[in-house]
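Undergrad: Below: one structure in structure tokens.
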Amino acid sequence: MNKELLLGVNIDHIATIRQARGTRYPDPVQAAMDAEEAGADGITLHMREDLRHIQARDVRLIKQVLQTRMNLELAVTEAMLDFAEEISPEHACLVPEKREELTTEGGLDILTHRNVVEKAVRRLQLMGSEVSLFIDPDKEQIRAAVDVGAPVIELHTGCYADATSEEKQHYELQRIKEAAEFAASLNLVVNAGHGLHYHNVKPIAAIRELNELNIGHAIIARALFCGLKEAVRHMRQLMQEARLYVND
């Protein structure tokens with residue numbers, strides 16, 4: 001029997017729409033509850049330092065109302081770690097962050113920033129958080145994740161999602177497969193995400209070593225036309241179909 005693949009729904013872009021007009025709606029808290037009701041295994045949200053979408057209020061309320069779990073993405077900065085200490089998220093994912101980027105552009109470079117990342121991992125673990133590191137599918141970065149004490153990694157799938165040819169997409173898929181296998185051999189829990197949508201998720205979902213996919217933009221975009229609950233259910237269905245064809 002194949003291990004179930006979990007779905008974490010990222011609700012950042014519900015907040016993006018709200019912040020565009022400075023209104024109280026649409027409310028990410030309601031979105032989190034609806035996604036959870038539709039079958040999401042967890043809710044992911046990225047509170048950026050510039051507060052362009054998710055606000056502190058959102059994080060506090062979502063943590064209170066969720067029946068599943070909250071995965072808080074945050075930069076490795078003193079301000080964000082102080083906030084995490086206040087919230088004590090069940091799961092925290094350290095991500096790179098640049099103010100000028102539209103979305104996260106790559107994985108965390110643990111090799112370059114090892115001391116800072118290691119201190120952040122320890123601090124979060126002392127809060128009781130399970131820590132993951134958002135990294136590129138690179139063996140050296142995976143080894144570094146083990147070295148700094150992170151039990152979980154999330155593989156950046158952006159290069160796969162952005163590939164403009166079948167050859168390039170196949171190459172990036174193989175990179176992710178090999179990285180997932182390598183990480184699993186080191187006893188890491190392996191998640192993945194970034195840029196995944198309804199037309200490219202199945203090959204990723206079929207990777208047996210993956211534990212969870214975090215998907216946001218595609219689900220929120222689909223929700224405009226069919227509603228959030230249906231969008232979540234459809235993504236889950238595609239992921240489950242992909243797992244049916246994975247050999248034990």
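Just so it is clear, glycine is given a Cβ too, placed from its N, Cα and C backbone atoms.
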Undergrad: ASN10, ARG21, GLY216, HIS217 bind 3-amino-2-oxopropyl phosphate in Swiss-Prot, but which of GLY39, GLY158, GLY195 does that record place at the same site?
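TA: Record check against Swiss-Prot: 3-amino-2-oxopropyl phosphate site with ASN10, ARG21, GLY216, HIS217, extra candidate from GLY39, GLY158, GLY195 is GLY195.
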Undergrad: Just to verify a number: CA distance, ASN10 (3-amino-2-oxopropyl phosphate binding site) to HIS53 (1-deoxy-D-xylulose 5-phosphate binding site), in angstrom, no decimals.
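TA: So the alpha carbons of ASN10 (3-amino-2-oxopropyl phosphate binding site) and HIS53 (1-deoxy-D-xylulose 5-phosphate binding site) sit roughly 12 Å from each other.
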Undergrad: With a 10 Å radius around each C-beta, find which of these recorded positions (ARG21, HIS194) has the fewest other C-beta atoms nearby.
TA: ARG21
Undergrad: What number of additional C-beta atoms lies within 10 angstroms of the C-beta atom of GLY195 (3-amino-2-oxopropyl phosphate binding site)?
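TA: Within a 10 Å radius of the Cβ of GLY195 (3-amino-2-oxopropyl phosphate binding site) lie 19 other Cβ atoms.
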Undergrad: Could you tell me which three-state DSSP class HIS13 (1-deoxy-D-xylulose 5-phosphate binding site) falls into?
TA: helix
